[in-house]
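Undergrad: This is the structure I want to talk about, given as structure tokens.
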């Protein structure tokens, strides 16, 4: 078993996470560029981004089932290389059909690479902390990306966003070809099949509840954040103000991961998730109903903060309750699965109900997520966690 806590491995994981999660920071300018630069409707633009995310989900689900069986050594490099080629083709392409196919191709490549990265993070000695470090790297990348991308797009053409994407993927591919570890497979002791089924044990109910909660929170995040740029534009606020808000999002994304490291042993991850999804509902109201720049900016800037902080805690918890690495390897599918429907559903709601439909949908999903996390909490009570889960917990019950 390769040591997964070396500096080289950590570098590959951080770079791979930052590149693979590029949609989290670029959704507003991605959707806005497709609408404002190519003339697509909100539903069409949302559908293209959703197609990309569906590709991520399909690839992630497929690879996650194999993660505990094979070495992932060459998977991230190959995946990011394919994504670089797909985005370069998008830079030169025209026509909705071509855009649809290339968005799907890029999603499949990134989903494959990111699953290998996240599954390997889950196999490190402290998945919560490693995921937080990767998120810090993503925050630094977000500041650089938004500061650079918004200026390039404003000065040139929206299609240049895809050229920037291609460059990011090429860098991630090079780093992972060189540094990704030779083995991220399970130890032999954990490969033993269940005596009853002859297979690796199925997920326990608590894992499925966590997956559902993360799906819902990522759906809320994507649905609201996708239309930040459009809502601000419809208020006729200056482009410099809108870009300032987006750069503010990137700067604030530097903060939640270090906070998650600091509070790792002080906060129960389920409580963090419950408070996080309730804050999502409140911030969605601010995004869709604020009439002035300060109120809108505060809501738009803090909604990704809440998602990053909550996700770090729930990722760490999932790596402990499902030790084979399959669940965390499926994290891209979980994240993008919730995010895949967000832009599409958001676009339909905006066209049929107006922007206030986003906040209504967010409140409904938040209610379901809270119910799911309460079920997780009941499953993790001491009477239930007296088995092998108990020694691994890093939080107070």
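Backbone N, Cα and C define each Cβ position, glycine as well.
Grabbed the feature section from TrEMBL, which reads as follows:
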- 12-31: transmembrane segment (TRANSMEM)
- 43-67: transmembrane segment (TRANSMEM)
- 74-93: transmembrane segment (TRANSMEM)
- 99-119: transmembrane segment (TRANSMEM)
- 131-155: transmembrane segment (TRANSMEM)
- 161-180: transmembrane segment (TRANSMEM)
- 201-222: transmembrane segment (TRANSMEM)
- 242-263: transmembrane segment (TRANSMEM)
- 270-290: transmembrane segment (TRANSMEM)
- 296-317: transmembrane segment (TRANSMEM)
- 329-349: transmembrane segment (TRANSMEM)
- 355-377: transmembrane segment (TRANSMEM)
Undergrad: Assess whether the transmembrane segment (43-67) lies in contact with the transmembrane segment (161-180), where contact requires at least three Cβ pairs under 8 Å among residues 6 or more apart in sequence.
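TA: Checked: the transmembrane segment (43-67) vs the transmembrane segment (161-180), no contact.
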Undergrad: Pairs of Cβ atoms less than 8 Å apart decide it: which stretch in 12-31, 201-222, 296-317 has the most with the transmembrane segment (355-377)?
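TA: Most contacts with the transmembrane segment (355-377): 201-222.
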Undergrad: Top stretch among 74-93, 201-222, 296-317, 329-349 for CB pairs under 8 A with the transmembrane segment (131-155)?
TA: 296-317
Undergrad: Tell me, please, if the transmembrane segment (242-263) and the transmembrane segment (329-349) are in contact, taking contact as 3+ Cβ pairs under 8 Å between residues separated by 6 or more positions?
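TA: When sequence-distant Cβ pairs are counted, the transmembrane segment (329-349) does not touch the transmembrane segment (242-263), since fewer than 3 lie under 8 Å.
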Undergrad: Top stretch among 12-31, 161-180, 201-222, 296-317 for CB pairs under 8 A with the transmembrane segment (329-349)?
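TA: Most contacts with the transmembrane segment (329-349): 201-222.
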Undergrad: Count the CB pairs under 8 A between the transmembrane segment (296-317) and each of 12-31, 161-180, 201-222, then give me the winner.
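TA: Stretch with maximum Cβ contacts: 201-222.
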